[in-house]
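Working notes, structure below.
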Amino acid sequence: MMQGEAHPSASLIDRTIKMRKETEARKVVLAWGLLNVSMAGMIYTEMTGKLISSYYNVTYWPLWYIELALASLFSLNALFDFWRYFKYTVAPTSLVVSPGQQTLLGLKTAVVQTTPPHDLAATQIPPAPPSPSIQGQSVLSYSPSRSPSTSPKFTTSCMTGYSPQLQGLSSGGSGSYSPGVTYSPVSGYNKLASFSPSPPSPYPTTVGPVESSGLRSRYRSSPTVYNSPTDKEDYMTDLRTLDTFLRSEEEKQHRVKLGSPDSTSPSSSPTFWNYSRSMGDYAQTLKKFQYQLACRSQAPCANKDEADLSSKQAAEEVWARVAMNRQLLDHMDSWTAKFRNWINETILVPLVQEIESVSTQMRRMGCPELQIGEASITSLKQAALVKAPLIPTLNTIVQYLDLTPNQEYLFERIKELSQGGCMSSFRWNRGGDFKGRKWDTDLPTDSAIIMHVFCTYLDSRLPPHPKYPDGKTFTSQHFVQTPNKPDVTNENVFCIYQSAINPPHYELIYQRHVYNLPKGRNNMFHTLLMFLYIIKTKESGMLGRVNLGLSGVNILWIFGE
């Protein structure tokens, strides 16, 4: 109970919160009080010494009134702060709680008063005559399986330390929790009553160790009726008898709930996790809620994050050598997505459509053996020479397919990559499954396929060069694949160098410098982006005599403005 001003309806938690706020405010008001005293002292010193008026040569009497008002204000604030500090220190809020409540509320010993547990009296009071107003009220009987003759009665000796609002009784001495009937001495002390204490009660809301569990709350608040005789042998006179009775009744009630179909959750029973019972009691429920071990991640997240961070830092270093701007890496994801979409919409989708169109024309011409994806690359090259007047696009298609002898896999993989809008099935260090078997190194990786079609597309856009009669102008000048090596000492060499096949890795050679971007799934795309970025910023958007901007190939739009 609070000392000083205390509202009778204030709860224990509210008073605890108020006490903690006062403890915190005590430090703050002391600091404010010292600050206000300091300010008032400074102003008083200025008033006596007239420092400001003499230094600035101003009229003193208006300034004196202003200083007087400020000094008075700070002095009053200081007095108020010191009064609050004195109040919180000398007459703090205190509580009377039990040791259990002190532990739960996290209170210090210096600010609370603990009350020892009260002994239960063994006083027995004879039963009172039944109340005729609630005869026959037994529809809310606690347990249908219990015999009326085996239900003991609660006496007021079991409620020591309470100021309860006792509730009504049923006929034959049966105690009821009827909220409409209030307790009176005439109704008898031997009836089971509501254990809800009145707010101003100075005692803890516990009845010894029995009431320490929250599971006993239903005996205080549930609308339950006990039909039993009023023999003196049925009265409870000590805690042991009460505890035994509560345990047995809880056991019965819990078994009923576990066996009922409505018990679908372990949390539906308020007594589920209380007491040490056998696992068999909960077998029915635990079958519905089985715990399963989670699968351990193959790669620790911390290692992955560290690898991503180091990869990003390495990429920043490489890009800084090209553009002197580390902020470019913030746009890299956007550029990569646009570039992948450009490859898909500009090269892959039209290529698949043209291949299907040529295959249809081959069937109409009576050459089903020359179906693209079924015929060998040698047969397709010969057909391109023979049937060039009839199918002029066949020679161009053959250039895209001249990558691997396995034409069936190559065509099917190009079709898969063209689906999804942004090459969603792309795998940088492998490819797709083929005829029910996993990808192996005898098949080209997706990176090799994309690099090949990209170079072939630019071969078709660059003008013919007499030095490269096969028509591979871009591939011959700007793409080198191991085991061949570019001439790094030549300042005019500007090419993409594939330094590893499996897993694929690409580097950029420009003006005797090697730009080696981090390995991984985006290495090829980032190398190509750097190649195009150099063309845009250092070559005025020109690749030889071809403009890669809006008036030409129109690929530099991916970098924005």
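Here the Cβ of each residue, glycine as well, is placed from N, Cα and C on the backbone.
Values in this document were obtained by computation on a predicted structure and should not be read as measured data.
Cross-referencing Ser9, Ser138, Ser311 with Swiss-Prot, the residue annotated as phosphoserine turns out to be Ser9.
Taking Ser278, Ser334, Ser499, Ser551 one by one, Swiss-Prot attaches phosphoserine to Ser278. In Swiss-Prot, the feature phosphoserine is attached to one residue out of Ser98, Ser143, Ser196, namely Ser98. Counting other Cβ atoms within 10 Å of each Cβ, the lowest count among the recorded positions Ser11, Asn57, Ser98, Ser248 belongs to Asn57. Rounded to a whole value, the Cα-Cα separation of Ser248 (phosphoserine) and Ser98 (phosphoserine) is 28 Å. For the pair formed by Ser11 (phosphoserine) and Ser98 (phosphoserine), distance between Cα atoms is given as 15 Å, rounded to the nearest Å. When the Cα atoms are compared, Ser98 (phosphoserine) and Asn57 (N-linked glycosylation site) turn out to be 69 Å apart. DSSP assigns Asn57 (N-linked glycosylation site) to coil, not to a helix or a strand.
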